[in-house]
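**Q** Handing you a structure now.
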Amino acid sequence: MDNNLEIKDLEKIAKKVRYNIVKMVGLAKSGHPGGSLSATDIIVALYFKLMNYSPDNPYKKDRDRFVLSKGHAAPALYAVLSELGIIEEEELWKLRRLEGKLQGHPSMDTPGVEICTGSLGQGFSAAVGMALGCRLDKLNNYVYVLLGDGECQEGIVWEAAMAAAHYKLDNLIAFIDRNKLQIDGCTEDVMSLGDIKAKFEAFGWDVFEIDGHNFEEIINTVEKAKSMKNGKPKMIIAYTVKGKGVSFMENNVAFHGKAPNEEQLKQALEELSE
């Protein structure tokens, strides 16, 4: 969005986004803070640095599109859209409430949300369809999609991966939020993903591995992916920390889908204010 933003600017935005994630989930007493915090830096880098996207015209036809396939991380997307001015900040504090507009998972009723997601794998499949549609419409844009690593245990992910390679969708850039935890525990204990890099390569994708909290790596890798016009979709495996930024949430599977209590909320907000 803004090529003039520096890494320090993105880090500042990400810290504010994390603060708002924890606050909104805490006030709602419900939600998924862990995976929202691990995904924050990727979403911030896309919207504030990499995507052709204007908050003043969020539905411009040739815009870049972002799909949050791991829809339970909706608080991260909402907080970013709020920083862009697309969602009013006051709406964040009504998350999951009847009087509010923000649901627990992304809904197309929400400004800036491209498609409803939450049923694991379906957002990824929809992103493949979007990329194909943009190609057929001869649009010079990109579709970005963020998956969870536990999400990759779903069969629909691999059907979509096969289709993306078949249709040579090099306008599709996907991320896996590889925090190695899901609701029932470690991904490798629940259903091992094995060598996920080799798997996507076998499906015909170009694959990169990065630190998902390093803005320089995120930006440079996306720019490299965009430069490779070789008919292959791109997968970026981003190694992240679940609950990033809050000491007692980091690598703690309990906070996959649990809100902090009042005492924990106070501590978390203090940490994110430092």
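From the backbone N, Cα and C atoms, a Cβ is placed for every residue, glycine too.
Pulled these from Swiss-Prot:
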type	residues	note
BINDING	D149, N179	Ca(2+) binding site
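Have a look at these and tell me how they're positioned relative to everything else.
**A** Counting only residues at least six positions away in the same chain, the Cβ atoms of I176, D177, R178, N179, K180, Q182, T187, L193, I196 sit under 8 Å from the Cβ of D149 (Ca(2+) binding site). Secondary structure at D149 (Ca(2+) binding site), taken from DSSP and collapsed to helix, strand or coil, is coil.
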**Q** Can you count the other CB atoms that lie within 10 A of the CB of N179 (Ca(2+) binding site)?
**A** 27
